[in-house]
Amino acid sequence: MGVLRSVVLAGGGTGGHIYPLLAFADCLRRHFPEVRITTLGSPKGMENELIPPAGYDLRVIPAFQLPRALNLDLLRTPDRMYKSAHAAGKVIDEVEADVVVGFGGYVSVPAYLAAWRRELPIVVHEVNVPPGVANRMGMKFTKNIAVGFPHQPQLAESLRDARVVGVPLRTAITGLDRPALRPEALAHFGLRPDLPVLFVSGGSSGARTINLAVAGAAKKLSHAGVQVLHVQGGRNDPFDVPSDLPVPYVVVPYLSDMQLGYAAADLMLCRGGAITVAETTALGLPAIYVPYPYSNQEQRRNAGPVVEAGGGLLVDNAELSPDWVERTVIPLARDPQRLAAMGTAASAYGRRDGDEALLDFVCQAVAGR
Ligand SMILES: CC(=O)N[C@H]1[C@@H](OP(=O)(O)OP(=O)(O)OC[C@H]2O[C@@H](n3ccc(=O)[nH]c3=O)[C@H](O)[C@@H]2O)O[C@H](CO)[C@@H](O)[C@@H]1O
């Protein structure tokens, strides 16, 4: 592994782009304690809440929104894009970057453009199929494409030559021993050790359909002895849960210590965001996936292979209702043997070394420049 002196990481918008960036930054720091790490973000994305507290230098550059479809008009409507690329370039020059690694989100595009103009190595890390529009643009400037899951190169022409590296996950998650942390996690949330826990999360922004369906089944869950730990999601409206339930139903707005939720859980109900899928499988946590229906089917593709491998269930967003929760989730949550079998299958699909594998790939890209 060669030496890296200065690395620019670009990615923003939602947690799905930012957490892998942070996990990769931590890995870089472990291997190269002296490396200068600079991140590029946009003014309004979650990076502003997540990156500075993690101790990394965040440079905010002017935002511009890409159209969902990628076409050359982009290059002909340049004002805002050039302004952003110019700002990205100034940062790249100032920190004398060796390489730009992008994780997707609009803010990656100016970083890719500026790096390309300077003939700097670019690495694109993509976790979705089809790849997001920002990374599709990045792929026009580099052959160094890394993906999160083994099935992805077969599903998209642009990913055909991509290296499968997995998803960089935070060490709080890769280092998690769920049974060991479980007592502390249960106590933290005020949950009982003698009853199963359903952990509900709609991804980094939350999911209204999930919130309403599970909260609507609160009474049935509770009377069946299933406890609930429910993350409302940072950008979601509050919902009502009856206050006189016989077993705990705990609602939290957002979990910055997500590992505590995973440690408390026996079963998860979640969207199929790529990082969430990478985490549940790395941890061997059985999950019911409810893919977000409005984004290119990417979440269905993320969760599908795990479910085929036996690591969980998949339900359409339109089918998820309090009734469905009662009929399907309650019996599963009360069946430890089935949960254990699903957990083993999930675990066989998951991996915990995505950060190291991506670092290896980045070092090769820099060495081969
Ligand atoms: C609606 C949409 O377009 N979603 C996309 C978005 O999802 P989203 O931003 O929700 O990302 P993921 O589900 O992939 O990851 C969520 C991340 O947030 C963390 N977390 C979540 C809740 C919480 O309270 N605390 C916490 O730390 C999770 O542990 C995980 O690390 O980006 C993903 C990765 O590009 C895509 O696959 C998803 O399709």
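Using the three backbone atoms N, Cα and C, a Cβ is placed for every residue, glycine included.
Feature annotation from TrEMBL assigns domain 'Glycosyltransferase family 28 N-terminal' to 7-146. TrEMBL lists T14, G15, G16, N128, R170, S204, Q299 with the feature UDP-N-acetyl-alpha-D-glucosamine binding site. What TrEMBL lists as domain 'Glycosyl transferase family 28 C-terminal' is 197-354.
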Listed binding-site residues adjacent to ligand 1, that is, members of T14, G15, G16, R170 whose C-beta is under 6 A away: T14, G15, G16
Helix, strand and coil counts within the domain 'Glycosyltransferase family 28 N-terminal' (7-146) (DSSP): 60 helix, 25 strand, 55 coil
DSSP-derived class (H/G/I helix, E/B strand, else coil) of R170 (UDP-N-acetyl-alpha-D-glucosamine binding site): coil
Neighbour tally for S204 (UDP-N-acetyl-alpha-D-glucosamine binding site), based on other Cβ positions within 10 Å of its Cβ: 24
